[in-house]
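Residues annotated as active site, proton acceptor in TrEMBL: D:H444. Per TrEMBL, the feature FAD binding site maps to D:K51, D:D309. The NAD(+) binding site feature in TrEMBL is assigned to D:G181, D:G182, D:G183, D:Y184, D:V185, D:G186, D:L187, D:E188, D:E204, D:G270. Annotated disulfide bond per TrEMBL: D:C42-D:C47, in sequence order. Annotation comment: TrEMBL describes D:5-323 as domain 'FAD/NAD(P)-binding'. As annotated by TrEMBL, domain 'Pyridine nucleotide-disulphide oxidoreductase dimerisation' applies to D:346-453.
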4 protein chains.
Amino acid sequence: MDDVDVLTIGAGGGGYPAAFRLAAAGRRVVMVDPKGLMSGNCLAEGCVPSKAVREIAHHLLRHRRFHKSGLHGEVSVDYSEVVAHKDQVQTRRYEQHDAELRAAPNVALLTGTARIDDPHTVAVDTPEGLRRFNARNIIIASGSDISVPPIPGLEHCLSSRDLYALRPSVSTLPASMLVIGGGYVGLETASFFSAFGTRVTVVEREAQLLPGMDPDMVALLAPLLDPNIEIILRAEVRRVEPTSQGVRVVFFDGTAEQHRSAAQAFQALGRHPVIPAGLREIGVTVGAHGVQADPTLQTNLRHIYACGDVNGRTPLFHAAVRQSVAAAANIMAGDRHADAVDFLSTPTTVFTLPAAAYVGLTRASAAAAGVSIEEGAYSFAEDSRAQIFGETQGEIRLFFQTGSLRLVGGWVVGIDAGNLIGQIGLAVSRGLDARDLAAFADQHPMSAEGISRSARSLF
Amino acid sequence: MDDVDVLTIGAGGGGYPAAFRLAAAGRRVVMVDPKGLMSGNCLAEGCVPSKAVREIAHHLLRHRRFHKSGLHGEVSVDYSEVVAHKDQVQTRRYEQHDAELRAAPNVALLTGTARIDDPHTVAVDTPEGLRRFNARNIIIASGSDISVPPIPGLEHCLSSRDLYALRPSVSTLPASMLVIGGGYVGLETASFFSAFGTRVTVVEREAQLLPGMDPDMVALLAPLLDPNIEIILRAEVRRVEPTSQGVRVVFFDGTAEQHRSAAQAFQALGRHPVIPAGLREIGVTVGAHGVQADPTLQTNLRHIYACGDVNGRTPLFHAAVRQSVAAAANIMAGDRHADAVDFLSTPTTVFTLPAAAYVGLTRASAAAAGVSIEEGAYSFAEDSRAQIFGETQGEIRLFFQTGSLRLVGGWVVGIDAGNLIGQIGLAVSRGLDARDLAAFADQHPMSAEGISRSARSLF
Amino acid sequence: MDDVDVLTIGAGGGGYPAAFRLAAAGRRVVMVDPKGLMSGNCLAEGCVPSKAVREIAHHLLRHRRFHKSGLHGEVSVDYSEVVAHKDQVQTRRYEQHDAELRAAPNVALLTGTARIDDPHTVAVDTPEGLRRFNARNIIIASGSDISVPPIPGLEHCLSSRDLYALRPSVSTLPASMLVIGGGYVGLETASFFSAFGTRVTVVEREAQLLPGMDPDMVALLAPLLDPNIEIILRAEVRRVEPTSQGVRVVFFDGTAEQHRSAAQAFQALGRHPVIPAGLREIGVTVGAHGVQADPTLQTNLRHIYACGDVNGRTPLFHAAVRQSVAAAANIMAGDRHADAVDFLSTPTTVFTLPAAAYVGLTRASAAAAGVSIEEGAYSFAEDSRAQIFGETQGEIRLFFQTGSLRLVGGWVVGIDAGNLIGQIGLAVSRGLDARDLAAFADQHPMSAEGISRSARSLF
Amino acid sequence: MDDVDVLTIGAGGGGYPAAFRLAAAGRRVVMVDPKGLMSGNCLAEGCVPSKAVREIAHHLLRHRRFHKSGLHGEVSVDYSEVVAHKDQVQTRRYEQHDAELRAAPNVALLTGTARIDDPHTVAVDTPEGLRRFNARNIIIASGSDISVPPIPGLEHCLSSRDLYALRPSVSTLPASMLVIGGGYVGLETASFFSAFGTRVTVVEREAQLLPGMDPDMVALLAPLLDPNIEIILRAEVRRVEPTSQGVRVVFFDGTAEQHRSAAQAFQALGRHPVIPAGLREIGVTVGAHGVQADPTLQTNLRHIYACGDVNGRTPLFHAAVRQSVAAAANIMAGDRHADAVDFLSTPTTVFTLPAAAYVGLTRASAAAAGVSIEEGAYSFAEDSRAQIFGETQGEIRLFFQTGSLRLVGGWVVGIDAGNLIGQIGLAVSRGLDARDLAAFADQHPMSAEGISRSARSLF
């Protein structure tokens with residue numbers, strides 16, 4: 001039995017920021033991760049590799065537009081090189097993480113699977129045998145895994161692992177692809193492959209793409225997507241069948257069964273939290289979306305924290321990092337509330353082509369929360385930078401609480417969405433108001449002009 | 001003699017935002033501009049057209065880097081098409097401004113040159129003859145013009161007008177170009193043309209590029225510029241001589257005269273304010289950098305305001321707009337201080353390839369102001385997005401007041417500089433501190449991650 | 001028909017701040033008020049005179065406590081002198097207001113009653129005859145009046161006018177007093193007279209004193225009030241009857257009729273808005289609590305504003321002033337939203353002995369609004385200043401939004417309540433969080449220490 | 001040798017808040033204090049007992065004013081009872097501190113004198129013998145002591161200990177008193193005793209009272225002090241001589257020696273830091289004003305902190321507490337900069353009768369720091385509450401940075417000064433601006449109205 005101050009189950013975004021922070025403050029920390037690597041799903045098969053692919057596709061689309069603006073020459077895609085580019089980015093980051101870990105004192109990474117025996121005891125099944133730890137604090141940061149619902153034949157589908165993992169199984173461009181699930185993973189992937197020339201069909205069960213996101217924002221985004229992508233809504237997938245040409249997806253459209261065939265099918269039906277063995281048994285509450293954690297990241301056992309995807313609050317890497325840092329602060333403060341996370345002000349970007357991003361309360365969620373709002377908006381049709389790129393569709397829209405004019409949220413659909421949401425999100429997180437935004441000289445000719453313009457439109 | 005509430009001399013960024021705001025509030029407003037167009041130097045020959053050219057060059061450079069990452073095919077530049085692209089952006093904006101003007105009540109644009117006869121009387125020489133106005137308030141927004149210092153032969157040089165005006169005189173790519181002046185206009189232009197294949201030499205009188213900007217920031221940027229650009233510092237240009245091949249620039253290097261020859265020379269030796277006739281005579285103070293205006297934009301005559309380049313405070317379009325809006329608020333408030341501009345929090349971007357951007361106090365200006373600072377930094381070498389683009393040089397650096405850890409300024413050199421400075425600048429303008437920045441979950445994998453990382457590096 | 005820019009109906013706290021602000025900005029303004037005096041109910045019969053009485057009573061109570069701490073000598077009350085003191089304060093303020101009005105350009109005060117004829121026409125019945133005005137903007141600031149519900153015999157009761165008006169009808173101390181209505185006016189008056197030696201009974205219809213205020217705050221305050229005050233809750237007054245000794249109040253206690261007799265009865269059954277004649281007819285919406293106005297103070301007719309008690313939002317003088325200033329800003333901006341009021345962050349103090357004060361959301365209103373909160377508290381039992389005064393009962397209690405720890409409200413019961421609520425209220429209005437409060441070195445040995453202590457208690 | 005996590009030298013305001021915070025977070029903490037009591041000079045002989053005396057004097061003065069406003073009866077002072085009142089407040093607080101200490105886990109208070117042997121070793125000379133501790137962190141919080149400059153005969157003077165300590169040597173009112181030193185301790189004491197009837201003379205070496213404070217603020221305060229106090233400036237005390245009637249103070253007025261005689265002399269010539277033995281020897285930098293500490297409270301040895309009077313930054317109890325809490329946060333964070341103190345935003349009140357309070361930069365210090373300011377002011381002559389108390393002299397004055405209108409400081413001279421400075425100070429510490437203050441509905445009729453009024457006076 002080894003004594004440690006803090007043990008993290010998982011060494012991804014919910015785990016290592018806390019581990020490093022606590023170790024730097026003199027605590028003895030052990031991270032346990034079955035991969036034996038520092039970093040989670042985001043780097044393994046999520047945001048980083050998909051964005052490496054995305055930016056190639058994005059560049060290609062811009063190239064086509066700029067073709068009439070002074071740049072001559074046809075450009076073709078070599079998908080295996082795209083994959084190699086992605087692999088190279090991932091490899092570089094793994095190496096950097098490894099170097100960071102080796103340079104850090106007081107913290108060790110143990111390859112293995114954790115099982116919680118009692119509120120302070122964790123057993124780890126390692127390649128070298130079982131080890132047991134007595135830990136003053138435990139951080140549950142075991143992340144999430146790809147969901148595989150019980151749809152017959154789903155095993156014939158690719159998942160994000162097949163596309164985005166290091167040295168993935170798919171390294172040539174399929175001629176056609178069926179995407180099951182119109183959430184952000186499915187829709188992003190559809191965007192990229194369609195840009196590369198794959199014929200893509202998206203099949204979504206709900207009545208709108210990106211279920212759960214603001215319908216009005218989605219309604220702005222949808223017509224901006226590549227019109228070559230076929231989108232089928234309200235389509236409940238019944239089964240997936242291998243064919244000689246690839247695969248066939250059968251779905252029920254509310255009236256009858258329909259089907260589509262393609263070379264490949266890609267399923268993006270969500271992720272579910274990975275709950276460590278023994279956690280429920282020691283009395284930690286686990287809800288429908290994951291381990292229950294409050295804004296301080298404490299579970300119902302004050303010395304046990306749950307950070308990142310495993311708590312199901314905002315399953316995004318940057319949210320996990322922020323949570324991990326907050327948990328570290330609270331652990332350093334003796335499990336008191338030294339820090340807490342405002343889940344609502346975490347920005348989210350759908351990295352389709354073009355992208356859409358949002359933060360805080362938007363029209364629908366404000367209404368649901370009973371928050372009365374005023375809107376300020378800016379159309380990219382009037383934006384210099386958007387005109388320069390010929391990407392004049394979309395808008396910035398900000399939502400202010402009526403009366404106080406405090407910024408409660410916003411969305412950006414179109415150019416620079418993923419960049420602009422940072423400034424908007426910081427303003428939301430600090431409770432800035434319309435006057436604060438209007439008083440800042442947002443830069444010309446940059447799309448951020450639209451932020452102060454949106455604010456000024458209220459006065 | 002016509003009575004108006006407000007007369008603006010100039011209809012560019014310092015003039016029209018106030019004019020529209022006041023007109024919407026029921027004031028009768030006349031704008032006087034010799035161009036007869038709403039918009040100033042920025043659209044005519046400055047930021048907008050140069051950025052239209054810049055983004056083509058930027059795309060080209062990225063294309064070369066992505067060439068090994070999945071995109072095949074040679075790309076060549078047709079400079080006349082680049083110019084046409086630029087012209088088309090400018091034309092679209094002129095048309096939009098024209099439509100806005102026609103839609104606005106209570107405001108008229110008069111083509112002509114203004115002369116101030118007494119503190120409330122302005123005579124305008126129009127194509128239809130002289131008109132006189134009695135105005136309760138006057139906004140001086142007459143902008144700036146290209147400086148032409150008395151260097152023999154400077155008339156053989158191009159200026160920004162020749163490159164960036166609508167239907168400019170230069171529409172084919174020169175084989176070689178001498179850029180006189182290593183300020184931001186010169187250096188940006190050098191970057192663009194070098195990317196397109198022109199052989200470029202920059203000749204700068206001072207010991208550093210971008211004189212007046214933080215030397216440490218410039219020292220980070222300089223090695224990232226295209227190494228094909230020849231840069232000659234501490235070079236005082238003595239004369240410019242036409243040659244059969246083009247032009248020759250003779251400069252003194254501190255010891256002896258040297259020279260360089262090229263197909264074209266481009267002079268970027270700064271701009272000077274355009275002071276309306278009669279302004280000094282009615283007693284308005286004009287200083288070395290322009291009409292003196294305080295943060296409320298009032299001149300020493302409280303009912304006369306000076307906005308934009310003409311006051312020499314922060315000669316940038318977005319600064320002019322912000323100033324114009326503030327002047328409007330003060331005019332509506334009966335010339336009291338309803339609004340005032342924080343000149344220091346205006347962001348500036350040098351749109352070279354790559355760019356550098358800064359806002360507020362940086363290392364050198366904080367030292368000069370006696371403000372003790374702590375620095376937080378983030379290298380793009382560790383940034384996912386920078387790695388994806390292969391643009392891993394440069395950094396985000398934030399400057400916090402010692403003790404309060406209030407953000408007083410920052411710079412970004414490298415990827416997304418012009419985007420990131422918006423979030424940093426808003427934080428500076430609102431006095432946010434390191435803890436505020438650290439508590440925001442900046443998005444992964446976007447370069448904005450570096451903002452909260454820089455802040456967290458202090459704790 | 002005279003043309004004016006702005007006409008205010010009422011020259012009290014909802015009217016004159018706007019009038020002065022607009023006049024200073026060059027607008028021609030007329031205020032119409034039947035009293036012919038600048039100032040409203042607050043000075044006439046409300047907050048100012050009652051606080052003049054209150055501070056004498058407060059001093060007397062402190063004197064009794066300090067009697068054992070070094071100050072010897074019996075002190076007795078001469079109520080007619082208390083009234084004279086109050087009258088002198090009121091007179092001084094009327095004279096100051098008069099001097100301010102005479103010094104202001106562009107604004108006139110007209111004695112008379114206004115009737116609105118159409119959305120821009122107001123007829124004023126003055127001692128010199130009817131005058132008509134055409135006004136670009138109208139501010140409804142006609143205030144409120146004492147409510148007299150249809151309870152038989154209520155005309156035998158005193159109202160606040162009889163106690164607090166200039167040269168009031170009551171200038172000798174009654175031996176006993178029945179207070180009908182346990183709202184803040186009734187309870188304050190009960191406190192003062194009980195301190196002076198009157199035997200006081202308070203009769204309140206609801207199940208708690210101060211109906212509408214947070215029950216938990218009231219439960220803290222009630223036991224700190226003078227135990228000599230008899231408090232009867234759930235008592236519905238049926239009638240008031242004159243007796244040879246004074247007056248008898250008959251009430252129903254839920255089971256049977258009960259009664260109490262005293263030398264005087266004082267009714268404090270609330271106030272109702274005074275709606276100008278013609279307002280409804282021109283289409284302005286009037287609701288149950290007054291003229292409907294949004295946070296910009298605009299009514300449904302954008303050029304007509306309603307400020308102060310007449311809109312029933314937060315019927316307090318300082319709220320009226322704030323609203324009036326906001327309305328002026330919006331009028332100056334051409335009826336756009338240049339300013340808006342956050343009704344929720346207006347502080348309220350019940351100036352009983354001791355006092356209770358609150359601002360924003362407290363426990364009950366946060367629950368009603370669905371806002372999850374964490375509480376931080378500080379007991380005056382541990383406060384140096386409270387110990388010095390021997391006033392160690394009561395507390396500071398702050399309410400923070402869970403997660404963000406943004407301060408959403410607070411209350412103070414006991415020493416310095418009316419002073420402390422200012423700092424707390426400013427923090428609420430600016431959205432400061434627990435960390436902001438904790439980082440400020442609240443002064444020792446002052447009761448404000450409890451503010452940062454309450455915030456720190458969360459960490 | 002005992003191992004502890006943290007050892008504090010001193011158990012006053014610089015020591016115990018950190019000790020409790022760290023102990024609550026699980027650290028083993030020992031506080032060492034020669035008094036063997038938790039609490040420092042403030043409670044022993046400073047702010048708490050002097051304010052206990054002050055409030056009796058304050059009440060007495062108000063009584064005299066209210067005498068014509070309804071309160072009859074002569075009041076006389078029994079000084080020995082005043083002292084007993086003061087003793088009782090001190091005793092109560094000592095008992096509370098003792099109870100807190102006994103209730104806290106992980107923290108012990110050791111009576112003794114500390115000597116630092118090496119950077120992690122502290123020897124304590126206790127009544128039971130020498131004990132040695134090995135400490136990971138050390139907090140120097142040894143406070144300050146009364147300075148006794150080498151003026152002949154100064155031993156015949158009383159010091160604050162003789163007046164304010166528990167069971168002090170002086171318990172009867174002297175007929176006359178010479179106060180040497182016109183700083184805040186001297187001037188407060190002069191105020192109190194003059195109110196009680198002692199004939200007081202203040203002798204100050206500098207050309208203004210309250211040397212070091214803003215001369216313009218002092219110039220506002222001085223004429224409001226009791227005119228019975230004789231004030232002699234520019235008077236260098238040469239010697240103090242006992243006489244048959246008491247004591248004689250001889251001073252040089254720049255030209256000749258002068259003298260004054262009285263029953264008692266009270267010297268208030270400042271305090272000096274108490275530097276623990278061995279501190280300099282281990283290499284910690286000690287400057288002219290105390291142990292050098294930066295805003296994180298770290299000395300040049302990162303694991304050793306200096307909090308409270310001993311660092312000479314802002315020698316006030318509340319500053320010490322804030323510093324102690326910050327040091328605790330930094331210790332918990334492994335000696336990194338988790339928290340830092342903004343020394344400038346600590347409020348200071350001179351508790352004379354009336355009082356003066358200030359915070360941040362005022363007119364003189366802003367000029368010295370090169371900060372350009374605009375002023376907003378409010379005279380108590382127009383304040384309802386001041387009129388009610390007949391205390392209409394003095395003002396609120398706020399200082400805003402030109403342009404940003406950020407509040408950088410303020411002073412209050414007169415009624416409620418010590419209360420109002422809290423709200424102003426919080427606003428300074430959070431960087432609020434004039435608009436933020438103007439948008440808050442400060443309560444009527446309270447003196448805090450003057451805060452928003454001062455802010456609004458700028459617009």
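For all residues, glycine too, the Cβ spot is worked out from N, Cα and C.
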Rounded to the nearest Å, what's the C-alpha distance separating D:D309 (FAD binding site) and D:H444 (active site, proton acceptor)? Just drop the number here, would you?
38
Please list, for the domain 'Pyridine nucleotide-disulphide oxidoreductase dimerisation' (D:346-453), how many residues fall into helix, strand and coil according to DSSP.
39 helix, 33 strand, 36 coil
Relative to the Cα of D:C42 (disulfide bond), which of the recorded positions D:G183, D:V185, D:H444 has the closest Cα?
D:V185
Of all the Cα pairs drawn from D:G181, D:G182, D:G183, D:Y184, D:V185, D:G186, D:L187, D:E188, D:E204, D:G270, the residues the record ties to NAD(+), which distance is largest, in Å?
14
Chain C, Cβ under 8 Å: which of the recorded positions D:C42, D:C47, D:K51, D:G181, D:L187, D:H444 qualify:
D:C42, D:C47, D:K51, D:H444
Packing count at D:V185 (NAD(+) binding site) (other Cβ atoms within 10 Å of its Cβ):
26
Cα of D:V185 (NAD(+) binding site) to Cα of D:K51 (FAD binding site): how many Å, rounded?
11
Integer Cα-Cα distance in angstrom, D:L187 (NAD(+) binding site) to the residue listed as 'active site, proton acceptor':
32
Could you check which of the recorded positions D:G181, D:G183, D:E204, D:H444 is the closest Cα neighbour of D:K51 (FAD binding site)?
D:G183
Which residues in the same chain, at least 6 apart in sequence, have a Cβ under 8 Å from the Cβ of D:E204 (NAD(+) binding site)?
D:G181, D:G182, D:G183, D:G186, D:P211, D:I231, D:I232, D:L233, D:R234, D:A235
D:C42 (disulfide bond) CB neighbourhood, other CB atoms within 10 A:
26
Using all protein chains shown, find which of the binding-site residues D:G181, D:G183 scores highest when you count other CB atoms within 10 A of its CB.
D:G181
Within 8 Å of the centroid of the Cβ atoms of D:G181, D:G182, D:G183, D:Y184, D:V185, D:G186, D:L187, D:E188, D:E204, D:G270, which other residues of that chain place their own Cβ, given that this set defines the recorded NAD(+) site?
D:V179, D:T189, D:V202, D:L209, D:L210, D:A268
Tertiary neighbours of D:C47 (disulfide bond) (same chain, Cβ under 8 Å, six or more apart):
D:L316, D:F317
My understanding is the cutoff is Cβ-Cβ under 8 Å with a sequence separation of 6 or more in the same chain; which residues meet that for D:H444 (active site, proton acceptor)?
D:S384
Please name the residue among the binding-site residues D:K51, D:L187, D:D309 whose C-beta has the most neighbouring C-beta atoms within 10 angstroms.
D:D309
On the 0 to 100 pLDDT scale, where does the domain 'Pyridine nucleotide-disulphide oxidoreductase dimerisation' (D:346-453) sit on average?
96
In the three-state scheme derived from DSSP, which category covers D:V185 (NAD(+) binding site)?
helix
Let me know the DSSP-derived helix, strand or coil state of D:K51 (FAD binding site), please.
helix
